[in-house]
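Database features (TrEMBL):
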type	residues	note
TRANSMEM	24-48	transmembrane segment
DOMAIN	39-289	domain 'G-protein coupled receptors family 1 profile'
TRANSMEM	60-80	transmembrane segment
TRANSMEM	100-118	transmembrane segment
TRANSMEM	138-156	transmembrane segment
TRANSMEM	200-225	transmembrane segment
TRANSMEM	237-259	transmembrane segment
TRANSMEM	271-291	transmembrane segment
Amino acid sequence: MENQTEVREFIFLGLTSVRSLQCYLFTLFLLLYMASVLGNGATVVVILAEPRLHTPMYFFLGNLSSLDIFFSTVTVPKMLAGFLSGHQTISFTSCLAQLHFFHFLGSSEAMLLAVMAYDRYVAICNPLRYTLVMSPQACLLLAGVTWATGFLHALMHTVMTSRLHFCGPNRIHHFFCDIKPLLSLARSSTYLNLSLLNTVTGIIAVSPFIITLLSYLYIISFLFLKVRSRESRRKAFSTCTSHLTVIALYYGTVIFAYTHPSSESSKEEEMIITLVYSVITPALNPLIYTLRNSEVKYATRKFITRKLFPERN
């Protein structure tokens, strides 16, 4: 092992090697990336600018939008550059950095969605205690723990992956440096890495999902058992539909991607699933929250009107 040359760079096989198709994919993912950055960026700006949106619900939505901008930026620009050049390479150090930030932001988003579900549970089931439970200090603490836990989780995988020996093939059957494709290229034991991936990452993905599920079970039972007014139920559900849509898109694909056993025939399938939650979902999230949330739509219209026609204010 010591006499063999360590790999200094990796080559992404990417989504396709067909040049004409790469041009089409470049346009498609460029538009998706622009939609993600502009849409989520606009959401953050509107939440910061509009006082009526300075509530726990929109504080966490601003965190989600920020995560989505960074999340798509970890993989998409590198993939776009590869489509243009036709040759997708990445250094070993950059590969580890990409792996770290992808799992840092991805696991933080999973936990943040659970925090947002808990926020809806408190708002609907315990409205009188909402301002006390979800105080500014509590919101900052929850957001801080979410980001810190995601960072430490990703750091664990980064350190463990950096200790492996890569001295054989350097072609990654993926469009970015994910853990499973990298482990398949290692020339040392990956048993501990796979164990951590299956246990710790499984806990990071499944635990927030369970918290989210329990929160909404409590919400649904509360609304049907204790709320008599249909209008009150409708208003309560309207504050949850956007979040539930995002959860379905995110958790469904993530859990399948990291619990599905790897095989040669499933690699293309895994790439498509990863594209959904790392590229497509961040681009759709602003539309989901804007189209389904009357407060965000009103605040956005007000913000645009104030910027375009300042003399009316």
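For all residues, glycine too, the Cβ spot is worked out from N, Cα and C.
All annotation found in TrEMBL is predicted automatically rather than curated by experts.
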Answer with yes or no whether the transmembrane segment (138-156) touches the transmembrane segment (271-291) by the criterion of at least three Cβ pairs under 8 A, sequence separation 6 or more. no
For the domain 'G-protein coupled receptors family 1 profile' (39-289), the averaged pLDDT of the predicted model is 87
